[in-house]
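According to Swiss-Prot, the protein has these features:
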| type | residues | note |
| --- | --- | --- |
| ACT_SITE | 100 | active site, nucleophile |
| ACT_SITE | 195 | active site, cysteine persulfide intermediate |
| BINDING | 6, 7, 8, 9, 10, 11, 12, 13, 33, 123 | ATP binding site |
| DISULFID | 100-195 | disulfide bond |
| SITE | 124 | site 'Interaction with tRNA' |
| SITE | 333 | site 'Interaction with tRNA' |
């Protein structure tokens with residue numbers, strides 16, 4: 001069996017490589033996908049991809065495995081970054097990492113390489129099960145690290161080629177393995193935030209592409225102007241961080257895109273404004289549910305799932321009814337559907353209802 005392993009320079013993908021070698025696989029080649037934007041944005045952040053490659057080189061030498069660097073910066077910019085910028089302009093909250101997996105790691109990568117592989121292995125925290133050539137995507141054992149949310153827009157064809165050997169391991173177990181086999185990157189910290197930014201702050205990325213524009217911050221209940229902000233694109237519904245006003249905490253409740261106004265409420269009023277119903281569209285089903293029971297939804301990456309019912313309306317719009325209120329539902333975000341621990345697929349949030 002011919003196997004390609006995507007190495008990031010981090011501990012997870014390195015342990016994934018070790019796991020495959022331990023299982024006896026020998027025909028292995030590793031790839032590092034260069035998608036960082038630091039070459040373009042070097043003035044606002046450090047450049048971690050050189051450090052990544054140093055670790056990739058060390059790990060591959062340790063296991064005597066060849067590797068190749070694949071440059072996907074142009075593809076990433078055209079297929080993911082432009083999407084994120086357009087969503088921000090519209091006042092939406094994009095999820096670039098979902099499209100990074102769908103369009104780049106398991107999309108453009110296949111197009112770029114000249115070799116064919118039986119299996120693509122990564123260090124993602126998720127599980128793929130195959131029963132009689134019927135593939136399902138499931139949550140990882142480690143529910144805190146689980147990445148099924150970000151894999152929800154893969155196709156069945158993409159999933160059929162993938163293997164995630166870390167799906168049955170906890171992060172603590174992976175760290176332990178890294179120390180036991182003395183990996184060169186055993187003490188390297190986990191990457192944080194959006195996959196292409198590295199050490200660049202998200203707001204700096206937004207500022208670089210969209211600039212700043214002064215606008216008012218208004219208390220939703222009273223209409224009183226409480227302060228100013230530098231552009232609606234820096235804010236998302238439910239956001240608390242960055243609102244530096246007294247008598248808080250304050251939360252973003254609404255955005256007026258045309259007039260560049262951010263509406264906020266304090267914590268007492270904010271907790272009265274949760275939503276139980278919203279519409280989604282552009283659904284990607286990995287496995288469409290046959291029955292409308294035992295379903296749950298994730299509105300954002302994290303452990304929390306909320307039980308729900310779904311109803312298909314015209315034009316393939318779906319109404320989602322949550323069993324409990326959520327306080328940060330924002331257009332442009334993705335709602336991912338689950339049946340127990342199986343990730344069924346996901347859809348883009350269109351608007352909230354009640």
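Glycine residues also receive a Cβ, built from the backbone N, Cα and C atoms like all the rest.
Distribution of Swiss-Prot features across the structure.
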| residue | record | contacts (Cβ under 8 Å, 6+ apart) |
| --- | --- | --- |
| 6 | ATP binding site | 13, 30, 31, 32, 33, 105, 109, 120, 121, 122, 123 |
| 8 | ATP binding site | 32, 52, 56, 123, 191 |
| 10 | ATP binding site | 52, 55, 123, 185, 188, 190, 191 |
| 12 | ATP binding site | 123, 124, 125, 166, 174, 190 |
| 333 | site 'Interaction with tRNA' | 92, 93, 95, 236, 299, 300, 348, 349 |
Residue 33 (ATP binding site), number of other Cβ atoms within 10 Å: 24
Cβ neighbours of residue 124 (site 'Interaction with tRNA') where a neighbour is any other Cβ within 10 Å: 26
For residue 100 (active site, nucleophile), the three-state class that DSSP assigns: helix
Annotated ATP contacts 6, 7, 8, 9, 10, 11, 12, 13, 33, 123, maximal Cα-Cα distance (Å, integer): 16
Assigned conformation of residue 8 (ATP binding site) - DSSP reduced to three states: coil
